[in-house]
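Worksheet for the structure shown next.
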């Protein structure tokens, strides 16, 4: 019985919705398509080119994956590039170019087929269909496709009539597009504006009355205004909540662990100890570094724990404390060394190595738990401009995984060394990372996953990757 309970608490949860093996859901004659509460969702982008649809698609996908909702982007433009191999000019997108129109339609259908495979056979929960989808006819095809398979549909329409924003988007993103390899800036701008004109001729935005039964959000001019209609469930609610918090203002986020602590020196996890001598030196150097950066309107955040607060105090600037930034709660293993955990709880030590992301310390937390409590922090980071977050190893890994789009399996093993600042600068479709070591020595607290993760392993094998400590 105990083994069974162990299995139930340590096994990864699967989604409730289970697709039928056939292509379409079975339905009794005269009945409607069943709509399960947890049925898969198609998020469908709508809008003219250079309106930030791909930016929104990738960013939203990264967020949903981070919170544990399996999500994938299906970019129809990439299907088109794969099918045509070469791009000549805007004339490919003319409405009277019948041959090109046929290719574009086939690419969209191919992408929809892959959406079905992902949602029905690959345990996906959300598929983001990234294309212009500017006509009612195209959107009707997508709606019918989703209806036949029992998928929910949520539209995201990005509307922008500010020529400066459009030109900036073309310059930042389209210049590096495979469509324009080797082209100069002026030719790219000219051709892409003509491509937009081709779509503009037949553009039919979502209509307040005609589309009143649909679920959607309209985003005007990169978030200056929003219109939300008929949100159906928590996935759509979270998508709306997220989209209303993000912005594109240039900024940097600085992540740093606290200075080396007294318990770090002893190789003990958790606790609430103060800084070591070297930790205090780092706090001083961190203050000098931040001052040298001359960062406008910098906000500084810490956890409620002594070692992050002592680190922030050395900066001589105002700071805010977040309980959500506290280190992972190791429960019964608090303030123990890895050697002591292996000695007292060898089974728990092995179970954590088997699935470090989902393993929860007895009476403590898992990395998965930390991600859930960090969601408000991520939302506020998305709203802010320049921020320095002084936190802890597990927390920093979770934040870093969000910005770098890392999987749950990669997250617990991201390297976040002491006395090092990570400067994260959002770029077009990702995040640029700079690692700045402030030249103050510290112990190594990073433990790699050992080769043998079985409960029956020898203690030497279990402790093989434990870093040296005093």
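Note that Cβ sites are derived from N, Cα and C of the backbone, with glycine treated the same way.
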Open item on the list: Among 104, 225, 230, 238, which residue shares the beta-D-fructose 6-phosphate site with 80, 132, 138, 174, 195, 199 according to Swiss-Prot?
Closed with: 104
Task: From recorded positions 130, 258, 264, 392, the one whose Cα lies nearest residue 199 (beta-D-fructose 6-phosphate binding site) - done: 130
- [ ] Consider the recorded positions 160, 258, 392 and say which one has the Cα lying nearest the Cα of residue 138 (beta-D-fructose 6-phosphate binding site).
- [x] 160
TODO: Sort residue 138 (beta-D-fructose 6-phosphate binding site) into helix, strand or coil using the DSSP assignment.
DONE: helix
- [ ] Can you grab the distance from residue 257 (site 'Transition state stabilizer') over to residue 80 (beta-D-fructose 6-phosphate binding site)? Cα atoms, rounded to a whole Å.
- [x] 45
Task: Cβ neighbour count within 10 Å of residue 132 (beta-D-fructose 6-phosphate binding site) - done: 22
TODO: Please state how far apart, in Å and to a whole number, the two most distant Cα atoms are among 80, 104, 132, 138, 174, 195, 199, the recorded beta-D-fructose 6-phosphate-binding residues.
DONE: 24
Open item on the list: Between 80, 104, 138, 257, which of the recorded positions has its C-beta surrounded by the fewest other C-beta atoms within 10 Å?
Closed with: 138
TODO: Reduce the DSSP letter at residue 195 (beta-D-fructose 6-phosphate binding site) to three states and note it down.
DONE: helix
